[in-house]
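What follows is a short report on a single structure.
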């Protein structure tokens, strides 16, 4: 074939492929907006550009996963039109400070440690919730641990009110929908003498005046305990007492768009944590020598995120993402 004919054919092929590519992106963009109820004004061009960059990043990661370079996959979700900075500003609301001198839990030596634990199977865990665009992760982490301890005591699983914590725990140091600390949430319930149910005091993803009503209280805290910042201590305590509140680094895009598999990203910090979650179990895929051990983490970003709202996070890999750095639980 003549070289000029070959080049002409190549150019024609590229030109014809480009409209198909953009048509495909147009369809996916429209479908994504419809799925997540997104409506834009003047900023749609910018949001579309951000979404496309995130989509390309996700697809590149998944190609590398298929080549064995990663242990987890990613997927587009409701956060796709946000930059990383925007996402962190509206979703990761844990206010970090030096740990107060509180009681440190010493796990009993006589506890038999099973090879795997999943407190969901024992009835300790309420369905996955959605914090919305509110810096309220700390409240969801705290209610999750308290829900588990109340179930352990009473045999009844009752969903507790995050809104009660968001609206009422400022005296203990929290900042409502602008962020807070898990231990300060426990301190509020202890000081207040109770916490209302989710049914009586529903969540609406923004701050309001305190509307706590003692007659609707269904939980109390007698004390709370910090766990030494070691994964083995976290494992022993989790197996012994039930779901544990924890703080992690959730700032990376790989976490934001996590879909399934064991989450391990070398860039995830073990010290700079910014998001409250609930540890509900641990286990392993395959043999423990293959770096396939994981923590089972309940998030508060709805069931469309991750594995129906959960994530498997790498376990025993140098406190990956800070999973053991700020773990605690209440007693009731």
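Quick reminder: no glycine exception, Cβ is built from N, Cα and C everywhere.
According to Swiss-Prot, the feature active site maps to 137 (among others), an assignment based on similarity to another entry. For residue 137 (active site), other Cβ atoms within 10 Å of its Cβ number 27.
Residue density at residue 275 (active site): 25 other Cβ atoms are found within 10 A of its Cβ, drawing on all protein chains shown. The active site annotation in Swiss-Prot covers 275 (among others).
According to Swiss-Prot, the feature active site maps to 299 (among others), an assignment based on similarity to another entry. Every protein chain shown contributes to the tally, and the Cβ of residue 299 (active site) ends up with 27 other Cβ atoms within 10 Å.
According to DSSP, residue 121 (Zn(2+) 1 binding site) is assigned to a helical segment. Annotation for residue 121 (Zn(2+) 1 binding site): no spatial neighbours, criterion Cβ-Cβ under 8 Å with sequence separation of six or more. Annotation comment: Swiss-Prot describes 121 as Zn(2+) 1 binding site, evidence class similarity to another entry.
Annotation comment: Swiss-Prot describes 162, 198 as Zn(2+) 2 binding site. Taking a C-beta cut-off of under 8 Å and a sequence gap of six or more, residue 162 (Zn(2+) 2 binding site) has these contacts in its own chain: 129, 131, 136, 139, 140, 143, 198, 203.
In three-state terms derived from DSSP, residue 183 (Zn(2+) 3 binding site) belongs to a helical segment. Taken from Swiss-Prot, the feature Zn(2+) 3 binding site covers 183, 226, and the record attributes it to similarity to another entry.
Residue environment of residue 208 (Zn(2+) 4 binding site) contains 12 other Cβ atoms, counted within 10 Å of its Cβ in all protein chains. The Zn(2+) 4 binding site annotation in Swiss-Prot covers 208 and is backed by similarity to another entry.
Non-local contacts of residue 249 (Zn(2+) 5 binding site) by the CB criterion (under 8 A, 6+ apart in sequence, same chain) comprise 255, 268, 269, 270, 272, 273, 274, 275, 321, 322. DSSP classifies residue 249 (Zn(2+) 5 binding site) as coil under the three-state reduction. Swiss-Prot lists 249 with the feature Zn(2+) 5 binding site.
Taken residue by residue with DSSP, residue 272 (Zn(2+) 6 binding site) is part of neither helix nor strand, so it is coil. Within 10 Å of the Cβ of residue 272 (Zn(2+) 6 binding site) there are 12 other Cβ atoms, across all protein chains. Among the features that Swiss-Prot reports, Zn(2+) 6 binding site is placed at 272, with the record citing similarity to another entry.
Summarising the annotation, Swiss-Prot assigns Zn(2+) 7 binding site to 274 and lists similarity to another entry as the type of evidence.
As annotated by Swiss-Prot, N-linked glycosylation site applies to 220, with the evidence given as sequence analysis. In the three-state DSSP scheme, residue 220 (N-linked glycosylation site) falls into the coil class.
Swiss-Prot lists 1-17 with the feature signal peptide, giving similarity to another entry as the kind of evidence.
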One should report the C-alpha separation between residue 137 (active site) and residue 299 (active site), rounded to whole angstrom, as 8
Rounding to whole Å, the Cα atoms of residue 220 (N-linked glycosylation site) and residue 183 (Zn(2+) 3 binding site) are apart by 14
Whole-Å Cα distance, residue 183 (Zn(2+) 3 binding site) to residue 299 (active site), is 18
